[in-house]
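Novice: So that we are looking at the same thing, I have put the structure below in structure tokens.
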Amino acid sequence: MLINMKDLLKVAYENKFAVGSFNVANSEFVKVVITAAEEQNSPAIMQIHPNEIDLVTDGFIAYVREAASKSKVPFVIHLDHGATIKDITRSIRNGYTSVMMDASHLPFEENIAATKEAVELAHLVDVSVEGELGTIGSNEGSSEGGADEILYTNPEEAAIFVEQTGIDTLAVAVGTSHGIYPQSKDHSIKIDRLKQIHEKVKIPLVLHGGSDNPDEEIREAVKHGIAKINLSTDMKRAFYNQLRATLDANPNAYEPDQLMPEATKAATELVKKKMDLFGSTGKASLYKLGEI
Ligand SMILES: [Zn+2]
């Protein structure tokens, strides 16, 4: 079933688990996320970044919608890091049930104004909105954006931001970065900061860039208001590392049905482990059709 983010995360937030949000930029990744979610009886989010929609084109979303709608477990289709009103309207037209307006690089008041504009538009048609306050770091190889220096989310500002914009979920900057972490940088999740934000902000919080953080940090974050965890690097790495190995071992193979299954399986196993870690395994049964 396909629902919006507000309904999906309400259950997660109340029951203290997080739902994984996985970047799907080809049909193999859609299959990975749906297979993993169904095998784990877990809700899941499939997200597409503006760079990814340019790659797969608008028609791809009809396929994602069809696949998600037919599944017995709950799904959301989400715009990852929308930057403009054009990104937002394009996603609504394509049938996403949730969008992110990331204006976190702008000054506070301008971030509020841009995010509020997205909320007013999206809420007209029951599409949920994620905003971002503070800046999430960026590492080499990631096309998701982010800043060189992490600017932590201020808890007081976060409360004002949520109230004035009317967003449904808030992405917070608490230490993590997009992409693969270099050894030299500190990317630990600042749990104290997260606790302060969680005390002031009473909507589900979102963690971006948590691919390389230790499991214990992720578990702790989920206890303090994190109800959505974005995961892109880990899943792609599992898929392409296996695909590389399969190609090396079978230099003359060219049929997708010979090359893709092993890579798909490796990524599916990774996603299933993350669902266990986030606490979403088995939780699809908490969503009752007709009650949301
Ligand atoms: Zn992100």
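Every residue gets a Cβ built from N, Cα and C, even glycine.
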Novice: Report the candidate from H123, H178 that shares the Zn(2+) 1 site with H81, H208, as recorded in TrEMBL.
Specialist: H178
Novice: Ligand 1 is in the model; which of the binding-site residues G179, H208, N230, L231 have a C-beta less than 6 angstroms from one of its atoms?
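Specialist: Those binding-site residues that pass the cut-off, since their Cβ is under 6 Å from ligand 1, are H208, N230.
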Novice: Cα within 10 Å of S211 (dihydroxyacetone phosphate binding site) is the criterion; apply it to the recorded positions D80, H81, D102, E132, H178 and give the hits in sequence order.
Specialist: H178
Novice: Hey, what's the Cβ neighbour count for S232 (dihydroxyacetone phosphate binding site) at 10 Å?
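Specialist: Neighbour count, Cβ to Cβ under the 10 Å cut-off: 25.
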